Amino acid sequence: MAKRLPLIAGNWKMNNNHLEAIALVQKLAFGLNDKDYDNAEVVVLPPFTDLRSVQTLVDGDRLKIGYGAQDVSAHDKGAYTGEISGSMLAKLDCSYVLAGHSERREYHNEDDALVNAKVKAAYRHGIVPILCVGEGLEVRKAGRQVEHVLAQLDGALKEVTAEQAERIVVAYEPVWAIGTGEVATPEDAQEVCSAIRVRLAELYSPEVAGAVRVLYGGSVKGDNAPGIMAKEDVDGALVGGACLKADEFVKVIRFGGE
Ligand SMILES: O=C(CO)COP(=O)(O)O
């Protein structure tokens, strides 16, 4: 089985205008060397309004940093005020798009059916979805995190083919660890990431399960990344706060040492 290249993705959330975006990507590129890009695929997920500027910079300077969006419409075009389609993102050469981030689920009432529609919209336009799943504190306290996350996974993957699923990225982000400074232990992350992989093998095949990158997200920083990344079924990180500072994000990307 081919070794999975770790993916370190920075979700900027609603931070940085397009000028700030250019400055941050330039600083990040300046801080990274060839070895870093061999160790991990580096991706940034800026707000929609920054994507054209990021595309121009990445193209012009031939940066090895990938990029994508934080959301996509389930629809391809038409009267959907405020929405952004997969084809618009594809035209900006976005490689990835988040689907089902807990903040979309919470503040925009996105349910598994809508997340599933967004996952399929991404595939229609050749964009790899980064599917976010994760439990809240109550579910964690009740010890039902695995069951909860697998139900989200099943819902999001309805009618997704094995060929499509092989390319998906799944990010396990326990809601109680997002933006709280409360990081899951490496064992917590491994438990759920491994359960996700087992479920992918059941839904598809061991080959698909072996190819999919499963990330952990939730208060990942330079100092806790190595412990989490050392776990067998954790193939990278989805980083929020720590990706807004280039130096700190570089530390996460160097989880395995300089
Ligand atoms: O939600 C996250 C990434 O998508 C995690 O955010 P923090 O790293 O700020 O906890």
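Glycine residues also receive a Cβ, built from the backbone N, Cα and C atoms like all the rest.
Copied over from TrEMBL:
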- His101: active site, electrophile (ACT_SITE)
- Glu173: active site, proton acceptor (ACT_SITE)
- Asn11, Trp12, Lys13, Gly179, Ser219, Gly240, Gly241: substrate binding site (BINDING)
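Recorded features from TrEMBL, shown on the structure.
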residue : record                       : Cβ neighbours (10 Å)
Asn11   : substrate binding site       : 26
Trp12   : substrate binding site       : 19
Lys13   : substrate binding site       : 17
His101  : active site, electrophile    : 28
Glu173  : active site, proton acceptor : 28
Gly179  : substrate binding site       : 12
Ser219  : substrate binding site       : 20
Gly240  : substrate binding site       : 21
Gly241  : substrate binding site       : 17
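Gly241 (substrate binding site) falls within a helix when secondary structure is assigned with DSSP. In this structure the alpha carbons, written CA, of Trp12 (substrate binding site) and the residue listed as 'active site, proton acceptor' are 15 Å apart. Listed binding-site residues: Trp12, Lys13, Gly241. Those with a CB atom under 6 Å from ligand 1: Gly241.
A Cα-Cα distance of 8 Å separates the residue listed as 'active site, proton acceptor' from His101 (active site, electrophile). Lys13 (substrate binding site) sits 10 Å from the residue listed as 'active site, electrophile', taking the CA atoms of both as reference points. Under DSSP, Gly179 (substrate binding site) is assigned to coil, being neither helix nor strand in the three-state scheme.
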